[in-house]
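If you look up TrEMBL, you'll see 1-23 marked as signal peptide. Annotated transmembrane segment per TrEMBL: 33-51, 63-80, 217-239, 260-278, 284-301, 348-368, 380-402, 414-434, 454-472, in sequence order. TrEMBL lists 80-422 with the feature domain 'Citrate transporter-like'.
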Amino acid sequence: MQRKLCLLTLGGLVALFSSSVFAAAGPLDLTYSSVGIFAVVIFVIAYLLVMGEEYLHLRKSKPVLIAAGIIWVAIGWTYINHDIPGVTEAAFRHNLLEYSELLLFLLVAMTYINAMEERRLFDALRAWMVRKGFSYKSLFWMTGLLAFFISPIADNLTTALLMCAVVIKVAEGDKRFINLCCINIVIAANAGGAFSPFGDITTLMVWQAGIIKFNEFFILFIPALLNYLVPALVMNFFIENRHPSALYEEVEVKRGAIRIVLLFLLTIATAVACHSLLHLPPVLGMMTGLGYLQFFGYYLRETLPGSLARKRVMAEKRGDEEALKRLGSVVPFDVFNRIARAEWDTLLFFYGVVMCVGGLGFMGYLALVSEVLYGGWDAVYANIALGVVSAVVDNIPVMFAVLSMQPEMSHGNWLLITLTAGVGGSLLSIGSAAGVALMGQARGMYTFFGHLKWAPVIFLGYVASILAHLWLNADSFKVFG
């Protein structure tokens with residue numbers, strides 16, 4: 001009896017000791033387990049569905065939301081069986097916090113862009129370009145250059161849609177010209193977004209992680225410009241120098257449009273100041289900026305009756321029946337309507353990606369990939385390869401995976417992966433949000449295979465941008481930490 005009691009006591013101590021070892025050890029290595037392999041298969045299936053979004057007409061957020069839930073349920077079940085559930089909760093909350101900061105940041109930026117759109121700022125720009133009656137070559141260059149310079153402030157998706165609308169309006173169904181212009185716009189918008197923290201979700205992620213400072217992004221300007229110019233110069237020779245028929249379109253910008261642009265710039269300045277001067281998350285500045293817009297929206301709403309009365313008197317004096325009709329249908333500005341019109345599919349897709357990649361990283365896969373890529377290869381070659389991968393797999397999971405791996409590499413290499421992940425998506429039409437959106441907007445005129453035909457030329461721009469960064473910013477490759 002005593003012997004049995006001793007054995008039971010010893011067994012209990014062993015079990016207790018094993019449990020404490022698991023708790024102290026932290027995450028389990030599940031890379032070669034059946035649970036880990038199951039999670040990878042689920043993620044791959046989800047991502048194949050995302051890649052087929054254009055053909056399946058299935059919103060990209062749906063498969064990754066389901067995949068994220070399945071992966072974390074599998075992790076939770078495994079850890080409960082090992083009697084260490086607290087570790088998974090902490091890991092999940094860590095990933096959720098990262099997503100929440102980016103969600104709020106992007107939500108404010110999207111709200112401002114939607115507010116500018118509602119005030120007809122982009123419509124006015126489009127109408128001006130249509131009225132000018134530019135030649136096809138001029139239109140090709142103007143839409144590309146505007147996409148390159150607008151996307152660092154607005155996001156590359158909105159910029160691409162705006163420029164594409166101009167091309168479709170003017171090009172009179174010329175499929176060949178529209179296809180070339182759309183390729184040019186996608187490359188320009190992605191390249192323009194690569195040298196600004198606000199130009200793309202990936203650059204925003206790098207900035208929020210504190211790896212690259214706000215002003216340091218701008219040393220990527222020349223590499224990004226070359227990424228756009230090299231293919232544009234080649235495509236330029238394949239565009240006829242003829243003029244489309246001039247179209248007249250009058251667009252009146254709504255009250256407060258310019259002030260909303262100024263408030264957006266003030267919001268950006270507030271976010272930068274919070275991050276650089278106070279060492280607080282940039283999202284604090286962005287949410288404060290949302291407050292600016294809400295107060296301005298209140299001002300617009302309260303002063304609307306007086307403004308309408310003055311405009312009505314002026315229209316009656318001119319006998320302008322059209323203006324009187326427009327004034328009768330004016331809807332007050334509502335900031336919450338602008339929030340509701342944010343790209344929720346993109347925001348929810350981002351949640352799914354962050355949680356899927358976070359779950360796979362928690363299982364040990366990111367450490368494994370990091371060891372293979374950054375341990376077996378030089379960081380420069382690894383970052384170039386990941387840029388090409390981002391043309392097939394969206395650049396958001398690629399960048400989030402690299403940030404989660406935290407490989408030991410120089411400042412120049414962090415700038416390199418920021419550049420390649422940003423512009424690598426231009427290699428294929430499905431490689432970026434801008435490309436996917438334009439395939440829908442210019443359906444039948446801008447296609448996957450129409451873009452693929454120019455992939456070698458686009459790749460020349462990709463190589464040129466990398467070589468320019470390696471040469472111009474060579475000193476940054478000597479800086480670590």
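Glycine residues also receive a Cβ, built from the backbone N, Cα and C atoms like all the rest.
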Q: Would you kindly list the residues that approach the transmembrane segment (414-434) from elsewhere in its chain, counting only those six or more residues past its ends and only Cβ-Cβ distances under 8 Å?
A: 51, 54, 156-157, 159-160, 185-187, 189-191, 193-195, 199-200, 202-203, 206, 211-212, 216-217, 219-220, 223-224, 227, 346, 379-380, 383-384, 386-392, 394-395, 398-399, 402, 446-448, 450-452, 455, 458-459, 461-462, 465-466, 469-470, 473, 476
(Q) Suppose I define contact as three or more CB-CB distances under 8 A, residues 6 or more apart in sequence; do the transmembrane segment (63-80) and the transmembrane segment (33-51) meet it? (A) yes
Q. With pairs closer than 6 in sequence left out, are the transmembrane segment (284-301) and the transmembrane segment (260-278) joined by 3 or more CB pairs under 8 Å?
A. yes
Q. Can at least 3 Cβ pairs under 8 A be found between the transmembrane segment (348-368) and the transmembrane segment (380-402), with each pair 6 or more apart in sequence?
A. yes
Q | Contact set, same chain, for the transmembrane segment (217-239): CB under 8 Å, 6 or more residues outside the stretch | A | 136-137, 140-141, 144, 148, 177, 180, 183-184, 187-188, 191-192, 194-197, 203, 207, 415, 418-419, 422-423, 426, 454, 457-458, 460-462, 464-466, 468-469, 472-473, 476
